[in-house]
């Protein structure tokens, strides 16, 4: 490769080939090729992101068709309310305030019926109160003279806006009327400010109230009549799913620890408790919106929605224990195989009985029918706790102390024995933690059962199935002698 100089300020590179010829390299061609490759890669990456986004949207639509239906309902409502603008008779009836109907639909229409009713009622009350006060203040200010009118309007806006803003910090007001207070501040400020320059304030207020009423009425009708999504039902189903997830997670944790199974389905079941831990915000929101809903299906108007929150709190308390059990699976210190085999049967029996209690409670919540087997299942779970405690007490005495009378040779081996004892304690500590947490989990499942029974009492669940109760009672009478023998052996 040689460098020549064709011009005073221009360099060129030549490559000598074996046949004696030479080729000139063009520096611009490589730069253009790199830019084109970069643009082509950037375009391909952008198209790939769009494709992945569309694929995720399709999967979400298939998994949750309710969200697609909600989007269609919003589109239909906006199309209908837009006719106020398109049809001249309707437009002349409400004037230029027809846009308020469209704004009301966009702001008010929510996913559930309860959320939509909450916003519609709050918007109606806030608009009516603010409009009435605004008209009254405007009337009083207009009769006070030109000099005092802006002062009175400014003072009224300051006082009412400050008081309304402070009320949003009150927990009871914020929980139910936060949106209404916000609309009150907005409407009163607009009426007060616009009333200073508008002569026919009452006509403008009437037109705005009419358009807001049109938009809110359409939202309520379409939300309730066409595939309604009830917040109360969503909360009910969420509690039912959380009960089943806890049962699967408990079974998966104990099976993973004692059988060393690492199947993908097992890990999915174990991870279900995380959804329970993260469901508090959804439960609070659904319970708040469910209070605004009318009676529907199996839910009366005064349905005890607050009790669902207590059930959810007890579920999260149990989920924290299962999270600790999950941590035992990832512990670097493993218990000896002999000790694990000694406690495996008792731990698996307790986890099976505890998960059966959770599944029975899930069935109770799902069907809204009291269970005929829940009391017996809780007794079996408590008996399994006693068996586990007795099995823990009868562990092989690996940590026995040395005899008190020691010779000189024994004195030399004393440090070695202490070191072995410390290592044995470290090995048995994870297993003891697992047993302790599993026992605590059973106690918290008992609390869940108490909360669900209270829910069944307040919500007036149906009585248990008589046929199923008679069958379970007859089978229990057959198994009662063997159970009594096992209990006497376990307590002995």
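Using the three backbone atoms N, Cα and C, a Cβ is placed for every residue, glycine included.
Please treat TrEMBL annotations as automatic predictions, because they have not gone through curation.
Looking at 2-24, 25-47, 209-231, the stretch flagged in TrEMBL as transmembrane segment turns out to be 209-231. Of the listed segments 376-397, 398-419, TrEMBL assigns region 'Disordered' to 398-419. Checking the ranges 125-145, 251-271 against TrEMBL, the transmembrane segment annotation falls on 125-145.
Looking at 49-67, 68-86, the range annotated in TrEMBL as transmembrane segment turns out to be 68-86. Sequence-distant residue pairs (6 or more apart) of the transmembrane segment (209-231) and the transmembrane segment (151-170) include fewer than 3 whose Cβ atoms are under 8 Å, leaving the two stretches without contact. When each of 98-118, 125-145, 151-170 is scored by its Cβ pairs under 8 Å to the transmembrane segment (177-197), the top-ranked stretch turns out to be 125-145.
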